[in-house]
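Q: Dumping the structure here so I can ask a few things about it.
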Amino acid sequence: MNYAKLSIAFSKKTIKTHNCRLFQRWLHVGDKVHDFRVVDTKKVPELQLNYTRLKHEPTNADMIHLDREDPNSVFSIGFQTPAENDEGIPHILEHTTLCGSNKYPVRDPFFKMLNRSLATFMNAFTASDFTFYPFATVNTTDYKNLRDVYLDATLFPKLRKLDFLQEGWRFEHADVNDKKSPIIFNGVVYNEMKGQVSDSSYIFYMLFQQHLFQGTAYGFNSGGDPLAIPDLKYEELVKFHRSHYHPSNAKILSYGSFPLEDNLSALSETFRPFSKRELNLPNTFLKEFDQEKRVVEYGPLDPVMAPGRQVKTSISFLANDTSNVYETFALKVLSKLCFDGFSSPFYKALIESGLGTDFAPNSGYDSTTKRGIFSVGLEGASEESLAKIENLVYSIFNDLALKGFENEKLEAILHQMEISLKHKSAHFGIGLAQSLPFNWFNGADPADWLSFNKQIEWLKQKNSDGKLFQKLIKKYILENKSRFVFTMLPSSTFPQRLQEAEAKKLQERTSKLTDEDIAEIEKTSVKLLEAQSTPADTSCLPTLSVSDIPETIDETKLKFLDIAGMKAQWYDLAAGLTYIRLLLPLKNFPESLIPYLPVYCDACLNLGTHSESIGDLEHQIRRYTGGISISPSAVTNNSDVSKYELGIAISGYALDKNVGKLVELINKAFWNTNLSNTDKLAIMLKTSVSGITDGIAEKGHSFAKVSSASGLTEKTSITEQLGGLTQVKLLSQLSREESFGPLVEKLTAIREILRGTSGFKAAINASPTQHEVVEKALQKFMKSRGVNQQTQTKSTSKERNGINSIKTYHELPFQTYFAAKSCLGVPYTHPDGAPLQILSSLLTHKYLHGEIREKGGAYGAGLSYSGIDGVLSFFTYRDSDPIRSLSVFDEASEWATTHEFSQRDIDEAKLAVFQGIDSPVSESQKGMLYFVDGVTDEMLQNRRKQLLNVSANDLKAVAKKYLVNPKKSYTAVLGPKSEKQLPTWVIDKFES
């Protein structure tokens, strides 16, 4: 620190500074900087940060700054935006504010900035009662650029009607070039929310919240109900912005090592046109009610789960005002005591007993609303068991109110909190920016919310008699009349009813259209298409240049050594936590057993051992470690995509003092699991498929990409078997088996193969002082297996069959589609890999975004390139017309061979690519690219040089070779049954 550069002058408690971040540490309550008055300062040692809260006196804007030695600095501005109906105004406004502003009138500056920046994070979010716009970057110029774009976008947006029609909703012909085609609803948010109602967990939670919070802003869908979105008028959107997007209603957060003074100066200048305004916002506080409420609704039938066990139900209790940080913390801990882990009382009573397969989406304590809600919910239940479940819930609470909880359980939870504070991710600031606003907007003191140590001290003091949680149960559960019982029953006709409701809505609206209205719709469609097709003049937007990209990598200093007979790498950390990763390569592993590897890995942490129950084992894991993970691994050879290495990956971390215990627990879980415990195996399988369809609906583009890529190489075929729709079908089948004998035989066979397999390797990220204790622990681990360690280097290279069909259509009960087309590229070390990586960014931003999102209305689209796997994948997300999108994929490939890319285009693509490459890596993850994928620093540096040198000719050459004339390409679509004839497709049906 250079204190000589610090210049501070005091004049009537007003501070003037010369651009130095150190001044904020000297600020006191009452000081004034650029119209901002300091109202609070605190040190938060457990998070290693200094907290400063300020008020902008002319407008009353609220700001907090979290000063921390972290170059990945964050900025966010948010506004309280409680919904007033189901039309999705807050959500659509979130989109349209980012479509051009006074200072930056270009269409869609948000997406344009994605490839003019080195941001490590850029996004915007609409919650139930607020909207916020966060970003993060390690580059100071970039930070200022993005801050200016975000501030102008939110406070001075253009809010053009054409942007509203594109992002929100519009009428248009199904084929915009055919006036005889039917008129439909379209729009980005409209299709996004149609995709959301494909998720039964989302439907359950939204219906639950709307019924419970009726009469408050939470009773409306802030994201928008697809049946209500077409009722929204453009003028209402503009009015909502004027009333809500104002500094008086704003909360600003900055985090990291960049100067606070610069932010205050920029904000003060931006806020200059505004004056303080009194706010009149809808009520968000739910008052108590005198008697229990009950509601039954209907939701979709899951094709993966057993039809008779798909009821979701919950009993909810109104709890505290969440602005009370300390009581909120205590209720969060109570929730963990009740629901977390195999030995928790509600898991044992509701799931282990077989009454349900998993907790419902709203289970536990929810503090994201102004009034906290404590819920006990279950999914995978039968309708006949509802009364029994309800009686059991009250019986358990009565028992807990009498007996309380074992102190060991509480200590394990507090240990997890302690270790999580020490385990810092590379995106720690964004994590705070995404979690803090929920309570901040609801009146909580952010300083109290951040001070975890004070919360724990308060908890221990209040629980000194050991009865705090019993008192909370009596107060908020047993003596609480404000109860709400909500149940959602499955309906096989639910998707059909949604489609019929949409058709009815469309018919009602279009039947009222006059000839003049239709002519205006067609005229507007032409205008919108022209605007979308006109190249944007982005000269007004700030940008970084390729020269801002460092030419050399930061070297990862690894030590290579032999530990307990294993080849190992070591990365030095400061004392505190020790991270251990183990990888066991599987050579010539039986093909028939490969799909069962995920089941085996899950079994290791779900069944317990012959001498310890899974509840006891899990308690030890929580008490002594930060967690243990066991999973299958499949990695492509970085010099030959036809080769790959299959394996088992094991990882865990603990406080330095608990490393011996960590490895002991890994040993128990990996080598000594009781695979014959079929009762627990049945529960594990049923839980694994519970809600799995919702996961597909949320990440449908990923499943589509995996499906379409599965026929390209041996490794991509294995990836699909381990984590694609093939695995989903296997889990569904296994979960319905009446006898688990055959499965136990397969799992036992896998363990015997693992016992006889050599080649373990290790990666340790820890303090050098930990070497001896780590070696002793790993020696015990290796001896317990009873096999001599021998390194194997031969890669698996046996032909495997992927998906045989060129085009596969996966029928699922969704409201929108996901499409993907995959082609084979090159291995990581091949020189064509760099231009393919740049090309994927170019086509995403310069062609696919405009053609599929803007014109087609899909929520997302792009071209991804996996440098390790050598796979190019076109994809769409929540798409209304996947067949059209597949044609656009082909058009994009041709366009890439004929379009004259400017140097600006290429430079922007390079910036976008390096956002990912240079994204900060936490200390705990250093060296993992080499450990897992075998990519050395030399390879990384060579790839970096190739990327920086990519030319327009390189791009055209690889586009023609790998996209227009691919050696192999496969296509997949996920979605509802197609109305179109698909004679050349293989139809893959998911049926209950």
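Note that Cβ sites are derived from N, Cα and C of the backbone, with glycine treated the same way.
Pulled the feature table from Swiss-Prot, pasting it below:
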type: TRANSIT; residues: 1-30; note: transit peptide
type: BINDING; residues: His91, His95, Glu192; note: Zn(2+) binding site
type: ACT_SITE; residues: Glu94; note: active site, proton acceptor
type: ACT_SITE; residues: Glu167; note: active site
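So where do these features actually land, and what's packed around them?
A: Under DSSP, His91 (Zn(2+) binding site) is assigned to a helix (H, G or I) in the three-state scheme.
Long-range Cβ contacts of Glu94 (active site, proton acceptor) within its own chain (separation 6+, distance under 8 Å): Ala124, Phe125, Thr126, Thr131, Tyr133.
DSSP gives Glu167 (active site) a helix state.
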Q: Can you figure out which of His91, His95, Glu192 (the binding-site residues) comes closest in space to Glu167 (active site), comparing Cα atoms?
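A: Out of the listed candidates, the nearest Cα belongs to His95.
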Q: Within 10 Å of each Cβ, count the other Cβ atoms, then let me know which of the recorded positions Glu167, Glu192 comes out lowest.
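A: Glu192, out of the recorded positions Glu167, Glu192, has the fewest neighbouring Cβ atoms within 10 Å.
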Q: Fewest other C-beta atoms within 10 angstroms of its own C-beta: which of the binding-site residues His91, His95 fits that?
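A: With the binding-site residues His91, His95, fewest surrounding Cβ atoms within 10 Å: His95.
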Q: Per DSSP, Glu192 (Zn(2+) binding site) is which: helix, strand or coil?
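A: Note: Glu192 (Zn(2+) binding site) is helical by DSSP.
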Q: Taking 8 Å from the centroid of the Cβ atoms of His91, His95, Glu192 as the cut-off, which other residues in that chain fall inside it around the Zn(2+) site?
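A: After dropping the recorded site residues, what remains is Gly88, Ile92, Glu94, Thr126, Glu167, Gly168, Val188, Val189, Met193, Gly223, Gly224.
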